[in-house]
Every structure is written in C-alpha cells, then in structure tokens.
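Quick notes on the structure that follows.
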Amino acid sequence: MKKFAISFFTALSFLLSMLFYASPALGYTNSNYYRDLRVGLKNMLSPSVNVTLSGEYKAGEKTYASGTSFTLTVSNGKVLFNGEEYDSITFVPSSDKNTIKLRVNNGTIKEYSYLGSMTFKVSDNQVFEINTINIEDYLKGVVPYEMSNSYPLEALKAQAVAARNYALANMGKYNSYGYDIDDTISNQVYRGYNSYYANAIRAVEETRGMVLLYGDKLVNAYYSASNGGYTEASENVWLSSLPYFNAKPDAYDKDPSYDWTASFTSSEIDEILKNKGYLSETDSFIKIDTDTIRKYESGRISNIEIVYSTSTGSINRKAFGKESARTFLGLKSSLYDVSLNDGVYTFTGKGYGHGVGLSQIGARDRAKAGQTYEDILKFYYDGSYLYNLRTRITSFNLDKTKIIQGDGVTFTSQASNGNIPLYRYIVKKGDSVVYTRDYSEVSKDTFTPGEPGDYSVELYVKDKLSTQDYEATDRISFSVYAQPKIKTVTVSPEKPVEKKPVSVSVEYEGGSTDGVEYKYEILKSGKFISTGLALNSTYSFTPDSSGQYVVKAYIKDKLSTKQYDDVKEITVTVEKTPAAPPTPQPSTPGSTSFSLSRTLKKGSRGEDVKWLQDALKRLGYYKSTIDGSFGPGTYSAVVAFQRANGLKADGVVGPATASKINEKLQGGTTIQPIAPPTSQPSTPGSTSFSLSRTLKKGSRGEDVKRLQDALKRLGYYKSTIDGSFGPGTYSAVVAFQRANNLATDGIVGPATAAKINEKLR
C-alpha cells in the first residue's frame with residue numbers, strides 16, 4: 001500500500017505540473033527517439049555524492065575498473081574528484097549493461113543505480129548529476145515508479161507507451177540548463193535501473209519504440225492515478241482542447257479505495273489560501289459560497305467561489321475552476337460535493353488527479369478483464385493509434401534457395417518506419433560466418449559460395465540515427481550443391497562401324513537433387529556431324545563413314561546459371577562395315593526356310609525382320625504389314641508363336657525360336673542353327689530383365705532405367721523413370737524383395753534380377 005501511495009502522489013504531482021506546462025505536443029518526428037535523453041537528477045542534488053562503479057568506466061583519458069568507489073564534493077564552485085577540481089566530469093561505461101550507483105544524503109538517504117553515462121557538475125553549490133541514457137533504458141526507471149510493478153503486464157505496457165510519449169514530447173524542455181527533463185514529479189519520476197522490477201522492464205521491452213499518434217502528431221499522453229469513474233475533457237482542466245480527450249464514463253475505474261473525504265474549518269481554509277497566495281495576509285476568509293458551485297458533465301467542479309474581506313473591510317469574491325477547483329485546497333480531485341456542518345466544510349469526492357487521459361486504476365482493471373494495452377490506450381485517447389518509431393522489416397527474399405557452387409544468390413529486403421533504414425547481411429555456413437556486408441543504405445546484395453553445404457543469411461536493419469547494433473532481424477536458409485562433374489563417357493558398341501547406330505552414355509557425380517541436362521556434339525575433322533540436347537544420359541548417332549570421330553558431352557545442372565557445368569570429350573574410331581559371310585544366306589520372304597545372323601527383338605530393323613514377319617504371317621501369327629520394323633505387332637506375334645510351341649515367351653527371336661519357325665515352315669525340316677547370342681541387356685517395356693553389374697543406391701545409367709521400368713510394370717515403382725537409383729528406386733527394390741522372400745537389402749544382384757525375370761514372364 002505504501003508503494004501505491006507513492007505512485008499516486010507522483011502521478012498527481014506530474015499532472016499538477018501540466019497546468020503550467022500544457023503546450024501542444026511537438027509535430028510527429030522520430031528523430032528525437034534516436035537521440036540520448038539527458039536527465040537532470042534533481043532528486044539527487046547534494047553537497048557530496050558517493051559513487052560505486054559496476055563495470056568498467058572511462059573519465060577523460062583514465063579508465064576505472066569495476067568495483068571502484070569514490071566521493072565527489074564541491075570545492076571553489078567546482079567538482080572535487082581525487083584531489084583535482086573540475087568544471088564537470090563525465091563517466092562513460094564500456095558496456096551498456098554497466099551501472100553507476102549514486103548514494104546521497106540530502107535530508108534523506110537515497111541510493112539508486114543508473115545505466116548510461118553520468119556527468120557531475122556544480123549547481124547551487126551542490127553536486128548535480130546529469131544521466132545521459134537512451135529513451136528505452138530511461139523508461140525502465142520511470143514505469144515502476146509511476147505504476148506498481150505488481151500491476152498486470154498490459155497495464156504496465158500502456159503506462160510505458162504514455163511515458164515514452166511524454167519523454168519525446170518534452171525532450172529539450174530544459175535545454176538552457178544543459179539537460180532535457182528532470183527526475184522529479186515536475187516531469188516523470190525517474191529512479192534509475194533496478195532489475196527487481198522485472199515486470200515493468202518487460203513492459204518497456206515489449207513496447208520498444210511504440211508511441212501513440214493522433215493524425216501525424218504525437219499524443220500528449222496525460223495520465224493520473226484514478227478518474228473516479230469518469231474521464232475529463234482537457235479543456236475542462238487546462239486551456240487547450242485536444243480531440244482525443246473527451247469526458248465519458250469509465251466503468252473500470254470504480255475502486256472504492258479512491259473515494260475520499262477532506263474536512264476544513266474556516267480558519268484552516270484561511271491559512272491554506274494565504275499559504276498558496278490566493279489571499280493576502282491582511283485578507284480574511286469568510287465562507288465558501290456553495291450556491292456558486294457548477295459542475296461539468298463528468299461531475300467535476302467547473303466553478304466554486306469563496307467570499308473574503310480585505311483590510312479595508314470590503315467584501316470580495318474569488319472563483320476557482322478547471323484545475324484550480326482541485327488545487328486551491330490541495331484536494332485529491334475536483335470530482336466532489338461540499339457540505340457545511342457546525343462550521344466545518346466537508347468535501348466528499350472520488351478519484352485521484354485531474355482525470356484527463358489514462359487512469360492507472362482503470363488500466364489495471366481493464367488489463368485484469370483481458371484488455372490489451374492497445375485496447376486500453378484507445379479508450380483513454382480517442383481516435384489515437386499505435387505507431388512503432390523503430391525500423392522494421394517489411395520484406396526479405398532470396399532469388400533462389402537452391403544453387404550450384406559458383407553461382408550467386410541475391411538477397412533483397414525492404415524496411416519501413418524510421419528515417420533512413422540501413423541493411424546488413426551476414427552469411428553463415430553452418431555456424432561459421434563466411435561473408436559480411438556491413439550496414440549500408442543499399443538493400444540488395446549478392447553472395448557467391450565457394451563450397452557446397454547448408455547456408456543461412458541473416459538480415460539486420462536499423463535506422464541511420466540509431467546507435468544500437470540492430471533494431472530488427474530475420475534469417476533465411478539456402479542450400480549449395482557441388483557442381484556436377486562427368487566421370488565417364490562411353491560408346492556402344494565398343495567397336496562401332498559405319499552406317500550403324502552408336503550409343504553415347506554419360507555417368508556423372510555431384511549436382512543438385514533437381515538433376516542435370518545433357519548436350520552432345522559429334523565432330524569429324526572439326527566439322528559437326530551431329531548435335532543434340534537430352535534429358536537422359538544417352539544419345540545415339542549413325543556415322544556415315546569410317547574414321548576418327550570426336551564425341552563431346554556437356555552437362556548442366558537444372559539449377560545452374562552457367563552455360564554448362566562440365567564437358568568431357570573422347571575420340572571414337574569407326575570401322576568400315578565388314579563383308580557379310582557367304583553362309584548362311586538369309587531366307588527371302590516366301591521361302592519355306594528361315595535363318596538369321598543375329599538375335600531379333602523389339603526395336604530391330606532390317607530385311608531379316610521382314611523375313612521373320614513373312615514367316616510368322618504364313619504360319620498365321622502375324623496379321624500386319626511386312627515393314628521390316630520389329631514393333632508391338634511383331635512382338636505379339638512372336639510371343640504367341642512361342643507360347644503355342646512351348647517356348648520361353650519373351651518376344652526375342654534367338655536360336656530356339658528360329659529353329660521352331662523352320663520346323664513349322666518345313667514340316668519338321670530344321671535349318672542351320674545360329675550361334676547363341678551374347679547376353680543383351682533388356683530394354684524398357686521388355687518381358688525380361690538382365691544386367692551386367694550389381695545395382696544399388698547411387699547407381700546411374702540405362703540399366704537403372706530398365707530396372708525402374710521392370711519394377712513399374714510389376715507395380716512396385718511409382719516414380720519417374722530417370723536412370724538414377726535414388727530413395728524411390730531403393731524403396732521399390734526393398735518392397736519387391738520383401739514380397740518375394742529375398743534379402744531386403746535394396747541391392748539388385750543376380751538373385752533379385754532372376755526373380756524379377758521370373759515375375760515378368
């Protein structure tokens with residue numbers, strides 16, 4: 001309760017000062033916000049002051065360690081420190097966390113600690129301190145002394161905004177004295193920094209930079225302890241009429257502890273009026289004329305008159321209205337009634353203070369009811385709105401969040417509020433800083449990483465006038481992938497011949513998860529023979545003649561901004577077409593025999609395919625045009641023939657199928673057998689699957705595509721056939737192995753390949 005009494009007294013006294021300092025608020029500007037506030041510590045004015053440093057401080061060229069204590073006194077009109085006299089001496093902290101403790105005895109022992117720097121000079125032959133401090137740290141020494149630290153947080157936040165408005169509006173008030181405002185009830189009570197008041201400190205931190213505006217002007221954020229249940233219009237207290245101060249009921253300021261009475265005899269009133277200068281020593285108070293009492297809508301006194309006599313015996317009147325209706329007798333408020341009984345005047349009233357603006361009791365109970373500090377302020381300051389003076393980030397973007405090593409990433413940001421925003425970028429790889437672009441008015445920057453990995457870019461913004469490290473910050477992550485490199489470029493067949501297709505295959509490492517694009521160039525004697533772009537790792541060309549060919553393969557990651565990321569070339573020797581052996585002679589369409597010199601399968605083309613189609617047509621299996629192209633129709637006819645004759649129904653015409661066709665054509669006569677073909681890898685869409693190497697996670701190539709195609713047709717693989725053995729392919733292989741009682745290792749070896757073949761057939 002003692003704390004309440006102090007708080008309300010200081011609030012009341014602060015508002016009394018407004019009677020004499022009620023000039024309009026400064027036009028809105030935030031430049032003062034970034035200027036340190038100079039607070040004259042009138043409350044600590046004393047013939048001597050004991051000082052203790054918490055943290056390192058510097059005065060002139062000398063540095064004083066934490067824990068240093070000393071006493072300053074007055075000598076010859078100057079400050080005496082360590083045996084030397086100074087007009088003034090200033091102690092500047094090495095860190096904004098340091099505090100300087102002052103202890104004085106100026107009738108009362110007082111001891112407070114202060115953030116910021118401290119200047120000592122002489123005033124009225126006493127040591128006078130000026131605390132230079134940023135406005136936010138200043139408020140940490142105001143809010144808990146103007147409102148109880150035990151009040152709800154939202155009430156304290158409303159108080160913090162009101163106090164911030166007051167400090168900004170009154171900065172420079174005492175410039176002629178070398179400081180801005182003082183620490184007394186004439187302004188706002190300020191008692192330095194005390195970490196005990198954590199709730200009030202939190203309220204300041206959580207409203208950092210927030211002020212109340214009306215239009216583009218700073219609100220005169222007057223406040224008092226209690227309005228007694230009814231706010232008051234400013235023109236009913238002072239001279240100026242401000243649009244955001246209106247008389248209206250306040251349902252949340254109903255605390256009965258702020259109902260009051262005050263009683264005075266005529267002689268007591270006479271003494272008070274003379275002490276306040278309303279009556280001269282030769283005047284005599286006669287009475288309060290209760291018939292002259294008039295009230296405003298709020299119930300506050302607008303007019304009350306006293307009757308007195310002068311030394312000459314004349315009878316005069318003196319009227320009190322507005323704020324003087326409260327102050328003429330030092331009453332708690334002007335919301336009262338007056339009665340006279342047995343020569344005693346009794347004033348029965350409500351509230352504490354003038355009732356204009358925020359009520360601390362009303363704010364407390366509104367916060368208890370769940371209102372936010374913004375709700376509270378909007379009620380007490382009609383038509384006002386909150387505005388943050390600090391620079392804030394409105395946008396922050398990267399042109400891409402996945403890049404290839406060697407490419408650049410561009411950061412773009414935008415800030416608002418404040419005067420001129422400054423931008424700083426810090427790039428980290430993991431926790432290590434790899435790039436810093438210090439504060440600049442330029443909001444855009446580009447960084448080119450030299451290594452792959454996981455990166456982040458941190459944005460810091462602040463106002464050009466700010467002395468803080470930053471006012472707002474944000475962070476975005478991005479990934480950098482190694483530039484893809486070609487491992488091998490191979491051709492198939494190993495010994496290509498003229499006029500026969502040659503397949504070029506590329507294997508690479510590195511790159512992003514988005515994959516790569518390919519480009520191929522085929523040159524002979526420096527001239528382009530063929531060129532092409534592809535999304536897969538193979539490319540085919542048919543050399544017209546024998547000789548030396550240069551094959552160039554290029555790859556470019558899909559994320560890359562370069563023309564290409566890597567290139568590799570090989571030289572290929574193309575031989576002349578060998579002379580055909582004299583035997584066996586291929587059969588001709590219409591013949592009753594069928595022979596072949598190679599295995600025929602889907603995709604084969606040539607005269608031997610025509611002979612196959614003709615034979616199957618005569619046997620009743622092939623119904624389409626004889627065109628020499630082993631397509632779906634030919635494939636279906638071969639499978640039907642194989643199935644009808646107890647052969648392996650794989651759609652491939654090898655020695656066994658050729659012999660059976662001959663047998664059927666010749667009524668049992670066999671043809672010359674052909675040599676068994678070497679194992680040929682299956683192609684996507686085939687009913688068989690073979691491989692020449694073990695496939696596992698990380699494998700790439702056409703054989704991986706064939707694996708993906710086979711698993712897709714068996715219902716295990718759902719993704720794109722891209723030739724890359726990634727997580728999707730791995731999961732499909734494991735699912736197939738599990739379903740077929742194989743070792744579930746995700747590796748395709750002989751056992752898994754054989755089981756896939758079995759299921760395809």
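Glycine residues also receive a Cβ, built from the backbone N, Cα and C atoms like all the rest.
TrEMBL does not curate its annotations; it predicts them automatically.
It should be emphasised that the depicted structure is a prediction, and the values quoted were computed from it without experimental measurement.
The signal peptide annotation in TrEMBL covers 1-27.
Per TrEMBL, the feature domain 'Sporulation stage II protein D amidase enhancer LytB N-terminal' maps to 124-214. Residues belonging to the domain 'Sporulation stage II protein D amidase enhancer LytB N-terminal' (124-214) score a mean pLDDT of 96 in the model.
Sequence annotations record features per position, and here TrEMBL assigns domain 'Two component regulator three Y' to 416-480 (among others).
Among the features that TrEMBL reports, domain 'Two component regulator three Y' is placed at 513-574 (among others). According to DSSP, the secondary structure content of the domain 'Two component regulator three Y' (513-574) in residues is 0 helix, 41 strand, 21 coil.
Marked as region 'Disordered' by TrEMBL: 576-601 (among others).
What TrEMBL records for 605-660 (among others) is domain 'Peptidoglycan binding-like'.
Positions annotated as region 'Disordered' by TrEMBL: 669-702 (among others).
Per TrEMBL, domain 'Peptidoglycan binding-like' is recorded for 700-755 (among others).
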Field: Recorded stretches the domain 'Peptidoglycan binding-like' (700-755) and the domain 'Two component regulator three Y' (513-574) touching, at least 3 CB pairs under 8 Å
entry: yes
Message: What does the DSSP secondary structure composition of the domain 'Sporulation stage II protein D amidase enhancer LytB N-terminal' (124-214) look like, as residue counts for helix, strand and coil?
response: 38 helix, 15 strand, 38 coil
